[in-house]
Amino acid sequence: MMVAHTAQQLDLREKLLTNGVHSLSDIELLAVFISSGNNKKSCLQLAYELTKHLGNLRNILNADLQSFKSIHGLGEVRYAQLQAAKEICHRSDFIHLQKEIRLSNTQQTYAFLKKRLRDYKNETFAALFLDNQHRIIAYEELFSGTINTATVYPRPIVERVLQLNAAALILAHNHPSGLSDASQQDLAITERIRDALDLVDARLLDHIVIGDNEVYSIFAENKWVCN
């Protein structure tokens with residue numbers, strides 16, 4: 001049985017190396033990641049069961065440890081590796097953002113913020129800190145709350161602006177409900193933060209609300225579909 005499993009793993013790796021990573025299905029990609037099975041299940045079978053249980057790659061990447069471990073043969077080591085791979089992708093995106101993005105490229109900025117915030121189960125409030133040329137200095141997640149609210153204070157934001165010597169920033173937060181409409185509370189905190197930043201000569205460029213597949217710009221009062 002183990003010989004058959006090993007041959008299966010080698011076949012998948014050969015397919016990837018010969019035909020390219022895009023030639024693999026979602027389940028095959030997961031199987032390559034899982035790498036090895038056990039005496040009873042191959043890596044392909046484990047990948048199939050994980051996909052059947054959680055539905056799709058997005059759900060798998062955002063699953064908690066207990067959901068992941070519910071598939072017999074998958075444990076903390078594979079889960080830790082999966083989370084590390086996810087964070088590597090996030091950091092790679094940010095490197096690109098730092099090098100390439102200016103304020104004029106709003107779609108890429110929105111796409112980056114959506115990737116970072118969309119799948120959080122609790123409302124999370126973040127900021128992109130910019131220099132006076134609107135180049136990215138840092139991305140930081142500043143506040144985290146419950147499923148439908150996060151308490152946000154202007155003072156720590158202003159302090160961080162001064163520490164980073166930022167000239168401007170873009171705020172963003174997610175709505176775990178999936179809806180990107182800005183609430184009255186969102187509008188009120190935006191105004192408070194903008195007024196606080198004015199006191200230190202920093203400019204609030206926008207506040208973005210992240211839904212499931214949409215982002216809403218409070219300053220532009222527009223929605224964009226952002227898959």
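Residue numbers in this text run from 1 along the chain shown.
Cβ atoms are placed via backbone N, Cα and C, with glycine included.
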Among D186, D195 - the residue Swiss-Prot places in the same Zn(2+) site as H173, H175: D186
8 Å Cβ shell about H173, H175, D186 centroid, Zn(2+) site members excluded: E123, F125, A150, N174, A182, S183, V209, I210
Residues that sit under 8 angstroms from H175 (Zn(2+) binding site) by C-beta distance, when 6+ apart in the chain: E123, D181, V209, I210, G211
Mean of pLDDT values spanning the motif 'JAMM motif' (173-186): 89
